[in-house]
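According to TrEMBL, the features are:
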DISULFID  134-171  disulfide bond
DISULFID  135-154  disulfide bond
TRANSMEM  12-34  transmembrane segment
TRANSMEM  46-65  transmembrane segment
TRANSMEM  72-96  transmembrane segment
TRANSMEM  178-208  transmembrane segment
């Protein structure tokens, strides 16, 4: 029984850590969907992270209940399902890891929409220009070709008195770099989650075997 109890503690600990990582992925996906007007590719990426988190939460809950009840049948079912989930998650993460450049590019399309709005309603780009210290969609030239002077947000410290204060970096590339690095971080979170799930499945196999042995001893 001591062995079974020890393994259950490991399972519970991994369940908690995996749950936290899954919630991080879900929160990130919801943040992208709610906060930005993304296109189809961006939406697929956001819902992909949500799917990774939700699938992990469901199977982790099952594993927790199986360990808590010390039910061999439920534990075996959990092990089978978590292996299937892990394979699906790996396929998604491989796709995201290889394609997070295109995904970040599509998520950065929000700047394109903001620039179109800027042409009709000056000030729409100020959020990105203040956030990333950038100017225009591609450069300050975007304003000039549209017969407008770069706004105060295109200057360092909003100081328009010196031409040297003009920021030449465009917001599109800055926002794309932001997503590129952010997606890289959450891809790592996803891989860590999968790694912990693999460890959890192995420990669950040991727990299942231990519970079987305990049940056999109970007959003698």
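The backbone N, Cα and C atoms fix where each Cβ goes, glycine too.
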Practice prompt. Could you give the residue numbers and ranges of same-chain residues that sit at least 6 residues beyond the transmembrane segment (72-96) on either side and whose C-beta is under 8 angstroms from one of its C-beta atoms?
Written response: 45, 48, 51-52, 55-56, 59, 62-63, 65-66, 103, 183, 187, 190-191, 193-194, 197-198, 200-201, 204-205, 207-208, 211-212, 215
Fill in: Cβ atoms near residue 135 (disulfide bond) (within 10 Å, other residues, all chains)
26
Fill in: Euclidean distance between Cα atoms of residue 134 (disulfide bond) and residue 154 (disulfide bond), Å
6
Worksheet item: What is the interatomic distance between the Cα atoms of residue 135 (disulfide bond) and residue 171 (disulfide bond), given in whole Å?
Response: 6
Item to complete: For residue 171 (disulfide bond), just count the other CB atoms lying within 10 A of its CB, please.
Response: 30
